[in-house]
Amino acid sequence: MDSVFEGACFEAHGLDVHLAFGWRDSYQRQGILRYYTLPKPSPITCHASRGAWRRSMLMPIYNFLLTVAALVGSPFWAIGVLCSEKRRKTFWYRVGVRFPQHLDRTLFQNTRSIWVHALSVGEVMSALPLARHLKQRHPQVPIVFTASTLTGFELAEKELASDIDGVLYFPYDHPWCIRRVFSFLRPAVVCIVETDIWPNFLWFAAKRRLPVIWANARVSEHSLKGYLRFPRVFRWLFSRFTWICPQTATDRDRLLQVGVSSTSLKVLGNFKFDQLAPPPDERFNKFGRILVPGAEKKLFIAGSTHEGEEDIVVAAYWKARERIPGLRLILAPRHPKRAKSLLEGIRHQGLRAEPLSRLLQSGIDPPDVIVVDGIGALRGLYALSDIAFVGGSLVNEGGHNPLEPATFKLPVLFGPDMRDFAEIADLLLQSEAAIVVHHVDDLADAVIALLENPAKAKRMGQAGHDVLLTHRGAIQKTADLITQCLPAPLPQIKPSEHEKSHPPAG
């Protein structure tokens, strides 16, 4: 009787590895192996695909290097945790040893959750409406939100604590840390917003057969160059996603260049168009009455500025205030920890400058320049302002989100480097809702022209708001996709437990 030689496919770390073995009976092992017949019999040899074998080694090599790095770097980690307040606040949570005390553990034991993740402040701002929408749509399904940075976590906790079931730190990408958090949250579906993609996280999700959605996916030219240096690695990594939802057709085309299958891509639009003006914040209502006591007072805000950019903004402010008496500047650095050095530099130039926190606490007379020294204040300050400059655009940083000031019908100014928000910037420019400035004189002239012509400023602000309204819908479409990925029927929890985890207001 002729020998029957077959191939066997087994999964090693979530990867398919194809091997050819000998006699059929010799490798049947309780369903571990899946069989297929080779077109021609051959001697007992290994016919492993070289590409498949390399892919199979990605995770073992990655985790070996990760573990070695963790062991070698452990003294430095210990010093960092002891010496850095930021590390002390986040380390044990990101390791997966500790979980926030406010979490109702029984809620996650009784039903599967929806896990939404965002990297830092910018991504968190985009993801907030999705988390709220999901909770409104699925009130009996636990919604949990994670962020990787301290500032992102603090913003998410402040904005979502009363709206969803839990806000946590995202775990480090080590198998032990990832396993702990997966076991605790028991997600039914995972949604990663914009960035922060990690191999072990995706592998554990695939191992548990969980749908993973990369929502609001953005691929910059710089990122594309990095992906194309290692196309096979990133093609494998992106194949772990159930769905990838690029913001634009340009992002989709870049992912196709990497080799992502078109069947997993859905262009759903940009979350940033779904941002709504936040409810009134009494802190800023009071602050506004102090800061802007009369209609003749004008506020110029520069949001998310970077090092080297503040000098340009302050110089433009010096020029503009010569024509606009009473003009005040709000300077919001991208990294609030720089506020102290900025205050010192501004005072050396002869301007009165104070941190926002002091003004909110003491109610002192408002100075010429207010420097924002905390997170979560920018949108409330946009609501008080008359004109906005978007930072990161006069230096080589790619710009920041110009839709945030447009939400409040402000005329928007930005520099020439808006590559990270190119399509949004183009839409605003085409709608005459924004102006590009290149240097100090440009910025000063634009501020003066708009403040001296309120009708033009109002037209620009309305045009930007109309752009935002026209392109909304990405949140709704993404929520639809997440709902499709949930198990049916939707998991239920006992009413008493739900009421316990969501006590009535008051």
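Positions of Cβ are set from backbone N, Cα and C atoms, glycine also.
When other Cβ atoms within 10 Å of the Cβ of E123 (active site, proton acceptor) are tallied across all protein chains shown, the result is 24. In the three-state DSSP reading, E123 (active site, proton acceptor) counts as helix. As annotated by TrEMBL, active site, proton acceptor applies to E123.
Mean pLDDT across the domain '3-deoxy-D-manno-octulosonic-acid transferase N-terminal' (109-275) comes to 93 in this model. Per TrEMBL, the feature domain '3-deoxy-D-manno-octulosonic-acid transferase N-terminal' maps to 109-275.
According to its DSSP assignment, E194 (site 'Transition state stabilizer') is coil. According to TrEMBL, the feature site 'Transition state stabilizer' maps to E194 (among others).
The secondary structure of K272 (site 'Transition state stabilizer'), as reduced to three states from DSSP, is helical. The site 'Transition state stabilizer' annotation in TrEMBL covers K272 (among others).
Tertiary neighbourhood of the transmembrane segment (61-84): same-chain residues 91, 173-175, 199-200, selected by CB-CB distance under 8 Å and a gap of 6+ residues from either end. According to TrEMBL, the feature transmembrane segment maps to 61-84.
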Rounded Cα-Cα span from E123 (active site, proton acceptor) to K272 (site 'Transition state stabilizer'), Å: 10
Rounded Cα-Cα span from E194 (site 'Transition state stabilizer') to E123 (active site, proton acceptor), Å: 6
Cβ neighbours within the same chain of E194 (site 'Transition state stabilizer') - under 8 Å, at least six residues apart: A118, L119, G122, E123, S126, A127, A215, N216, A217, R218
